[in-house]
Amino acid sequence: MELAAILFSLFFAMNIGASGAAASMGVAYGSGAIKKKTYALILCAVGVFAGAVIGGGEVVKTISSGIIPEQTITLTIVCIIIGAAALSLFTANLLGIPLSTSEVTVGAVVGVGVAYKVLFVNNLLIIVSFWVFVPLFAFGFTYFVSKLFRYFKIEVKSSKKQKILGIVLLVAGFFEAFSAGMNNVANAVGPLVAAGVLDVGKGTLYGGAFVALGALLLGRRVLETNGKKITRFSKGEGILLSGTGAGLVIISSVFGMPVPLAQVTSSSIIGIGMAKNGPNVFHKQVVQTMLKVWIVSPFLSLSISYLLVSLFLKADYYSIFIMVSVLLAAGGAISLTKAIRKERRSVHEQGGGI
């Protein structure tokens with residue numbers, strides 16, 4: 001069981017790397033400061049590994065004991081938490097959507113807490129408030145500063161200054177990757193530390209190594225989404241984006257607070273897009289999909305972990321029956337709504353009657 005828990009955690013760490021690749025280097029790649037995906041992913045891998053080893057220990061304490069009592073987390077619970085979170089994150093990576101590992105990990109831990117009725121609700125509310133406030137602050141800050149740039153017509157056109165901006169942007173991207181290592185590796189190794197499988201030092205070392213590997217092997221599609229599909233931006237705007245994300249996440253990590261780096265960066269990019277194109281940026285399908293995935297994902301990992309605990313550890317078949325019924329009812333309601341809308345469009349276009 002211990003080996004299975006470690007393998008689950010390392011698999012999850014690889015998926016963290018894939019998601020963090022877009023969050024940290026998507027800006028530099030999208031602005032043209034670094035043109036090849038492979039180089040961007042290598043720089044990301046080095047940054048996240050360094051961040052995990054140097055400063056990844058503080059958030060571990062929050063993940064391991066700040067949401068549910070530490071003694072609740074056994075090896076079996078570790079497998080359930082990591083498995084539920086990894087499945088949610090892996091699905092998002094296949095869709096090419098940048099997703100916060102903090103969301104799915106906390107969601108999985110909450111599912112265990114709900115099953116055993118040992119949830120620290122006040123701490124959870126604080127964490128969720130950070131999930132809302134930090135991306136909104138990033139969005140508002142980048143929108144406001146970008147508007148100032150455009151109002152005062154601040155532009156850098158000389159090739160020499162453009163090269164300097166490119167170097168500064170790469171440095172900012174590296175520090176954003178560093179912040180990802182500080183904040184997100186704890187999501188993979190925190191449950192292992194709580195269960196006593198690894199100490200903090202070994203956990204961050206092994207976790208950091210596999211996060212770096214995941215960035216190299218699985219990060220291409222998410223990198224493309226953040227770098228090319230949401231909006232276009234200059235090197236100066238890229239520095240603003242990466243600097244904002246790195247600063248917010250590093251400060252949060254120092255205080256041991258898990259925050260959604262992927263959402264911070266993506267929200268900053270949307271802020272730039274809105275400053276340039278207005279509210280039309282929200283009409284892009286990729287933005288709408290991202291917002292939906294962000295909302296659904298923590299509830300998905302919560303539901304998976306809750307069901308696994310109820311099925312294999314508590315044999316609480318009544319709760320499982322209720323959850324399955326709710327899911328079937330929700331799916332049926334969604335399907336019915338789509339059918340009604342389709343019928344109304346058909347009547348509007350072709351006229352009524354049978």
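From the backbone N, Cα and C atoms, a Cβ is placed for every residue, glycine too.
Panel annotation: around the transmembrane segment (3-23), residues 40-41, 44-45, 48, 75, 78-79, 82-83, 85-86, 89-90, 92-93, 98-101, 176-177, 180-181, 184-185, 187-189, 191-192, 195, 197-198, 206-208, 210-220, 222-227, 245, 261-262, 264-266 of the same chain, lying at least six beyond its termini, place a Cβ under 8 Å from a Cβ of the stretch. What Swiss-Prot records for 3-23 (among others) is transmembrane segment.
Sequence annotations record features per position, and here Swiss-Prot assigns transmembrane segment to 40-60 (among others) based on sequence analysis.
Positions annotated as transmembrane segment by Swiss-Prot, on the basis of sequence analysis: 77-97 (among others).
Long-range contacts of the transmembrane segment (125-145) within the same chain, counting only residues at least 6 positions beyond its ends with a Cβ under 8 Å from a Cβ of the stretch, are 62, 66-67, 100, 102-103, 106, 237, 240-241, 244-245, 248, 252, 257-260, 263-272, 274-275. Annotation source Swiss-Prot lists transmembrane segment at 125-145 (among others).
The annotation transmembrane segment is assigned in Swiss-Prot to 164-184 (among others) on the grounds of sequence analysis. When Cβ-Cβ distances below 8 Å are used as the criterion, the transmembrane segment (164-184) is approached by residues 16, 20, 23-25, 27-28, 31-34, 40, 43-56, 58-59, 101-102, 156, 208, 211, 235-236, 238-239, 242-243, 245-246, 249-250, 252-253, 258-259, 261, 265 of the same chain, each at least six residues removed from its ends.
Annotated transmembrane segment per Swiss-Prot: 197-217 (among others), in sequence order, evidence recorded as sequence analysis.
Summarising the annotation, Swiss-Prot assigns transmembrane segment to 293-313 (among others). Residues 76-77, 80-81, 83-85, 87-89, 92, 95, 97, 99-100, 103-112, 114-116, 260, 263, 319-320, 323, 327 of the same chain, all 6+ positions outside the transmembrane segment (293-313), place their C-beta atoms under 8 angstroms from a C-beta of that stretch.
As annotated by Swiss-Prot, transmembrane segment applies to 320-340 (among others).
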Beyond a gap of at least 6 residues from its ends, the CB atoms lying under 8 Å from the transmembrane segment (320-340) belong to 303, 306-307, 310-311
